[in-house]
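Taken from Swiss-Prot as is:
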| type | residues | note |
| --- | --- | --- |
| BINDING | 1016, 1017, 1018, 1019, 1020, 1021, 1022, 1023 | ATP 2 binding site |
| DOMAIN | 22-311 | domain 'ABC transmembrane type-1 1' |
| DOMAIN | 981-1219 | domain 'ABC transporter 2' |
| TRANSMEM | 22-42 | transmembrane segment |
| TRANSMEM | 69-89 | transmembrane segment |
| TRANSMEM | 145-167 | transmembrane segment |
| TRANSMEM | 171-193 | transmembrane segment |
| TRANSMEM | 251-271 | transmembrane segment |
| TRANSMEM | 283-303 | transmembrane segment |
| TRANSMEM | 667-687 | transmembrane segment |
| TRANSMEM | 700-720 | transmembrane segment |
| TRANSMEM | 781-801 | transmembrane segment |
| TRANSMEM | 805-825 | transmembrane segment |
| TRANSMEM | 881-901 | transmembrane segment |
| TRANSMEM | 920-940 | transmembrane segment |
């Protein structure tokens, strides 16, 4: 019953058309299987005709011609049958897979957020089902199932013919089926287990490579290249060992197929007894022997394909389970109350809540909160106090464990979920955008909005100006997850998306956190206006977003401890007051440096002219540097001619295995024609009249067949193991060298779209795998095939050159037929992969942004996108289905026609006295088997083409010269640096936007041992200063000096050992907290006490020790298991452990709440003592105590001095204007 349920899961997506296609396909597959046994029957009669020839027989050609004509009739029938098989299965496979992907993704988007927290550990889980699972089932339906049916019917048909012709021999041969099945089943089981382990081993190595490449700035800054490559190499060693085991298993399995020769030997011996004792003809005996071995082999292939049944069952059940799952909070459920009018009054009554993924942690304990309609309520509190949980519960991402949440006195549990969410607009702290245009992203908020409404929403969110500056305006593509936009730009698009919805309830979770102060002021005014008449819930660190709130609620340990207006709470002098005083203390003495316009009067022009974030420029301009530099680096522009000779040179350390492998392949290749030649001789023996001669010759050939079986076993093991050894170690060497080389490239190379982390990791995985296949499998097959062809042609030309020439002339037809059939299947697979790749991208994006999709109820919009991306591949697949049917039919019919020609022409030569029957028997089998071997090798042309591209890709990477050499042998290696930094007349523009100059004749002196703050508006070049100091980029003109020496003259990795960087967005690696802190030192020998001290100094020790595993807590992919503030503190601890001479802080405390920021800032100021420090920050707390503050504007330093001296300049000073503007934004 369970098996039937599993089978139903495979076919559950079939409709009436699909069942009709599968019915016709069944007829075709079964018919295809019976074609070969029918041809065997005709061949038996032909061989008997040839064996009974006498020179006086004038009627010899009549039965030959008659049977050859019968073969042509079979050829015509086979075209129709094989067309049905090829077309119907291919078509229904694509149709069912497309419906499966659509239904699965729809079911995924239907699930509640709690499901993703509990059951989806990573996006790849969903991608696997959308891509791999659907592809497994499509491949099963299109290829594996018809193959199973065809082979099963071929087995039945062969034994039917065997019993019809010679039942005694068939019965004797029947038990040998078991011996024919064992090798395939044995290898199949071993291969599945080893292949799974190899994937798991390489996934670990691939994860290390992906981390290194996606976080390349962090890897470079902490000089962790060697550490990453060593980890990568260690991880690869496991897959190498498994690959050798796989090669050995393959050699044993293929060698065990030599049992066919032994079975043939026994059956020919028994068949000789049938000839002598019962008078059976030689053609009948030899054909029945072929039927027995062919039938057993066909059954083995059918059974070996049954593992695909199992894989398809598992994939189908996994998909079916998701499709049938009804979530607890079902957005598709249209039942539920819809309020005719909604005021927006929100009430939390005695709410207790635990997250499904953390049931041991109580977030709310008896929470009571009332939010009047049309009022703005701000939620404040420490990290983990439950602020964001309020919003999640209100949107019904989760349901509380106890208590009720009401809107207008109606429980939200009784409301229709989709309608409920449609009444809310949400802007999150980390905006989620989709890989489509800006306009389409804004329309996610309201699908039927007009373009004018889109523009108005963009204007209201202060996004219209920067959108208009793009060449394509609102049609500008934002890239995957908005990668082409800066943080502030993404946030403003997200705000526009929320405003266009005109929601009754507005939810703002750090909605302005990514904006500079000028943009924040304008956007905050827009949000304030949008809040009028709406119930608004605000979560924010900055006071500017909560001071004007009607009600401020202070959360602590899951309860509201204070509530009231700002003034009322200040009078209470409680927890809120302490938070305000803490922030005021810092705001009164310092100024924001990255976000503010220079003067209030100059703000508008700055906003219009400088509306790009430096990180946006860093991303978008760097690729132009590659373009410009490529003019002077020919190898980057000109594709290499693939050098297979050079590839072989990389395999030189394995030369002994190469020699052994080639010798074994040559000997193995000779086996097939020798076996066919011997079989032909044995057939001619059957037609001898002298029984003693039959016995004597049979004994010789039987011993020869047994010898070939043993010989094949040992040469196959030697061949497969040797070439696997070559392939595995070459693959490991290529991957190591590629990653090592990639981690020397300048940063702007990684900013190229084609050099994304995903693309590079794909190159590491796929290109190296193709090269391994090229060396480990294809070269082995090529050497073996060359040996086969040479031996076959030599034997043929010696025995009967006329017949041999004709046989050779038709071989290309057979080869082309096999080749087209194999290549066509590969092309079909490629089309399927294209469809699933597009679906996978969409699924990955949808799962990554599931909260956004859930918030805006955008499931149908995503499904329309899926329909759009699958439309092209679906049309192409329909065309390919016709081609598959036509070519499969043509292949089978042409092969049958060539057999008819060979029999007819051989008979003609015998009738004319130009060849004897014995020669025909010897040569016919040789070229029949050789043609198939050549065809198998012929399919390598696509593999060779693919291999050529991969070899080209590999050497393009290995031969590329980086423009910023990290291991320059002539570079100055320093033991210690003082830290004096000088920028002298520096010109700089990011490569992707060479016309937008960041620095123009820029000069600044950063004194050793002193702290220097860099402030100024967006795009003034603050972060670029750090990029140039770290030498992520080089200036176009001018010099950057450290300790009086041009930075380009230093040994770069040696220089970076003395610098440390803490970025705005902390990068952690998938490892433990301890391992991430240890990245601060190149050495792996670090005392535990040093790690703990670094954690304490960074204010991280307390939260780390509160975790169940302490410093051994796993951080997750990119630190996903930790909050932003926790990640930042670990990053700071990593920097503290490095103890650098130059400290670079780019928004180092931006992710921390006020209390944590104060402690960490004290720690940083302690660490900064005696070090050259360059500080960039939005918050004033990080620059108020700096020795020097430099104000940048339009790529130049317009003011510098201490905080006090710059304020003393009064209203005419740029810095004074920044301070004034900030105070206005903070306190208005």
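Each Cβ is built from the backbone N, Cα and C atoms, and glycine gets one as well.
Comparing the binding-site residues 1016, 1017, 1021 on other C-beta atoms within 10 angstroms of each C-beta gives the minimum for 1021.
The transmembrane segment (251-271) makes no contact with the transmembrane segment (781-801): fewer than 3 of their CB pairs lie within 8 A, with pairs spaced 6 or more apart in sequence.
Between the transmembrane segment (283-303) and the listed ranges 69-89, 145-167, 781-801, 881-901, the one holding the most Cβ pairs under 8 Å is 145-167.
Listed as Cβ neighbours of the transmembrane segment (69-89) (distance under 8 Å, sequence separation of 6 or more from its ends, same chain) are residues 21-22, 24-25, 27-29, 31-32, 35, 38-39, 42, 141-143, 145-146, 150, 881-882, 884-894, 896-897, 899-900, 903.
In terms of C-beta pairs under 8 Å, the stretch of 171-193, 700-720, 881-901 lying closest in packing to the transmembrane segment (667-687) is 700-720.
The sparsest Cβ neighbourhood within 10 Å, among the listed binding-site residues (1020, 1023), is found at 1023. Remote same-chain partners of the transmembrane segment (700-720), defined as residues 6 or more beyond its termini with a Cβ less than 8 Å from a stretch Cβ, comprise 247-248, 250-252, 254-262, 264-266, 268-269, 660-661, 664-665, 667-668, 671, 674-675, 678, 681-682, 685, 780, 784.
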